[in-house]
């Protein structure tokens, strides 16, 4: 019987509220399946860790995360720690670096069909949107040299190596998990930037060599940003892009489903091809929202769907992943929702409903 070790970083403010509901789902899976054991370890990260230890990430917590099979994260940060020399985000950046999570995966779709009415886009524009953004996390301008040249001028540099691009591109293999395979989009600014020309050249060569059966299309980032508002279904499939462009385009995509409380993400340390262990950090894309924490009104769906991603990418448990998604869909369609998507249910009521529905689906 496989035993999976999961480190839980509940984090700050409403982080513990949403991870509590995600853990309910994990417990249902363990109860309903004889061939899986889940060992959960609670550790502090971010502001909670600063308050307890004066350190946003202790050596003990880091070691546990690196040795785990997966990490479940709630949310970190808040104005309480925002201007200090020691900040919550330092802990998160450190754990990502030490775990080697060089790629981030963010899906953009509707967890339930009726949620289309909550999108800021017209239903005729956004209905059927379903793409995944794969963002390179460890290269580019965020990790380049910074220089203050004069009092009125500064400079940031964007370095990218072929090796970094070669490492992220094979994640497009996720397109092969569908029949027929999904199209793959690579976003860059090759008409202006030298790094983007290297990006396009490398992506083209890697895709032709390793995935000749997949269709790859190149799109300029500014054009893609326009398409995402005008006709986002055109981008359905797998989107691969650099750190800066991925940061911006994934935030643009996040508004399509209508609430940040609906969208999960995964930062992975390898290629989830079933050939080896792939640790990852699974978390909702929203922040810690101190203004509504503790009121029982936050949406736990993104945290619950992060567990579905964990089941699929770190554990290779596709049936359980699809069951979680179906449970969420059924509960939302039944009208059990938090206020951000037109309902009146509390955080725990949504979590309880999803757990109960999942238990029925797994019988």
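Glycine residues also receive a Cβ, built from the backbone N, Cα and C atoms like all the rest.
What you see is a predicted model, and the numbers here were worked out from it, not measured in a lab.
Quick look at what Swiss-Prot annotates:
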BINDING   78-89, 287-299  NAD(+) binding site
BINDING   96, 106, 135, 222  substrate binding site
SITE      142  site 'Important for catalysis'
SITE      189  site 'Important for catalysis'
BINDING   222, 247, 251  Mg(2+) binding site
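Cα spacing between residue 86 (NAD(+) binding site) and residue 96 (substrate binding site): 17 Å, rounded to the nearest whole number. Other C-beta atoms found within 10 angstroms of the C-beta of residue 287 (NAD(+) binding site) number 16, with every protein chain shown included. Taking all protein chains in view, 18 other C-beta atoms sit within 10 angstroms of the C-beta of residue 189 (site 'Important for catalysis'). Around the Cβ of residue 82 (NAD(+) binding site), the number of neighbouring Cβ atoms within 10 Å comes to 11. Sequence-distant contacts of residue 247 (Mg(2+) binding site), defined by Cβ-Cβ distance under 8 angstroms and a gap of at least six in the same chain, are 135, 142. Each of 221, 225, 244, 245, 246, 248, 249, 250, 252 belongs to the same chain as 222, 247, 251, is absent from that list, and has a C-beta within 8 angstroms of the C-beta centroid marking the Mg(2+) site. In the shown protein chains, 26 other C-beta atoms lie within 10 A of the C-beta of residue 299 (NAD(+) binding site). It is 38 Å from the Cα atom of residue 189 (site 'Important for catalysis') to that of residue 291 (NAD(+) binding site). Note on proximity: of the binding-site residues 78, 287, 295, the one nearest residue 96 (substrate binding site) is 287, by Cα distance. Spatially, by CA atoms, the binding-site residues 106, 222, 251 include one closest to residue 82 (NAD(+) binding site), and that is 251. Put simply, 251 is the one of the binding-site residues 251, 287, 295 whose Cα lies nearest to the Cα of residue 106 (substrate binding site).
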